[in-house]
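Some features that TrEMBL has for this protein:
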TRANSMEM  6-25  transmembrane segment
TRANSMEM  68-91  transmembrane segment
TRANSMEM  127-148  transmembrane segment
TRANSMEM  201-222  transmembrane segment
TRANSMEM  257-279  transmembrane segment
TRANSMEM  285-305  transmembrane segment
TRANSMEM  312-335  transmembrane segment
Amino acid sequence: MENFMFALNATMPVFLIIVLGKFLIKRGIITEKWTKVTDKFAFRVALPITLFLDIADMHMDPRSNLKLVIFCMLVTTIMFFLTWLLSYIFLKDKTMVGSFTQGSVRGSAAILGIPFAMNVYGRVGMVPLMILAVVPLFNAYSVIILAISSNFRNKKKDIKEVSDRDDLEDNKLSVLDKEEDEKAIKLSFGKVLKSIVKNPLIIGIALGFPFCIFKIKIPFIIHQSLCRVGDTATALMLISIGAGFEIKDLTAKFKHSFISTSIKLVILPLIFMPIAVSMGFRNDSLLAILIMLASPAAISAYVMSKSMNNDYVLMSNTIVMTTLFSAVTFTFWVFGLKCMNLI
């Protein structure tokens, strides 16, 4: 019972604040405009400050930290491309492949992961290191997968449009389409590299490392001021998620969304968590790995799916479903790990 209460205490506050966000917007206390402003503030200011402070204050153990980073990068790579391969083989509608893969693998490591870690340990622990390892890969792999998946959608349209044209026109169109696709992929890679370098979370983490490595102490007044600003991130993000949450979005493409959700919240953690345990990961390192594997689908994945001409309806449904069901699944995972004295 004590372990179950520990799990509930770690996860339920997160989802109660999400429910509060829905209540507040329904009552007109907050608006959609408010959520956009707070999202921007949390992502560009409060959350980077939180990550900066946790890295700056962290005791660096090069051997164990490097082990965590390498493990997270390898697992992310395996998850992405294995899920992509299997979805390509088994999905009849190939235009779903990109969004299905993203929804099954790409987790909300920062926006929901940090609140989970804070509730368990009162600090984010090893989560910033995990974010540093996987967020660039999430972005890069998503671009590759979505760019190729958008090809299927473009080809589907082209078949309908050019079916009555002669062979010469078909060949010309094929060459033009290929050139356009190559330009789009190059543009996407350029964008993703730029987004990684300019990502406020990556900047916050990177700025914290010199303070950690060289043991530079931040003056107390500045440290406390930054802490107060950073503390606002969690509540603002969760209220905003709740405000934008729509149950009705679950109805469209339910079957594929449910399968993607099951892979994200149950199957992948079931495969990789035992491996992490067998490799000796414990406590906040193991929790960081759990957050990487079992957190809900990333909200940013919807933006990428839509902007790269993929199945954004499927992506949106998966985000809603994973967020809703993770209230149960994440509690279960924390409870199980606590029962085994692993966290």
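Glycine is no exception: its Cβ is also placed from the backbone N, Cα and C atoms.
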Selection from 6-25, 68-91, 127-148, 285-305, 312-335, the stretch that has most Cβ pairs under 8 A to the transmembrane segment (257-279): 312-335
Range from 6-25, 68-91, 312-335 with the greatest count of C-beta pairs under 8 A to the transmembrane segment (285-305): 312-335
Leading contact stretch, 68-91, 127-148, 312-335 vs the transmembrane segment (6-25) - CB distance under 8 Å: 312-335
Remote residues contacting the transmembrane segment (201-222) - C-beta distance under 8 A, at least 6 residues beyond either end: 43, 47-58, 60, 110, 128, 131-132, 135-136
Contacting positions for the transmembrane segment (127-148) when only residues 6+ beyond its ends and CB under 8 Å are counted: 51, 54-55, 58, 65, 68-70, 72-73, 76-77, 80-81, 84, 97-99, 101-102, 106, 109-110, 113-114, 117, 181, 184-185, 188-189, 191-192, 195-196, 199, 201-202, 205-206, 208, 284, 287-289, 291-292, 298, 301, 304-305, 308, 310
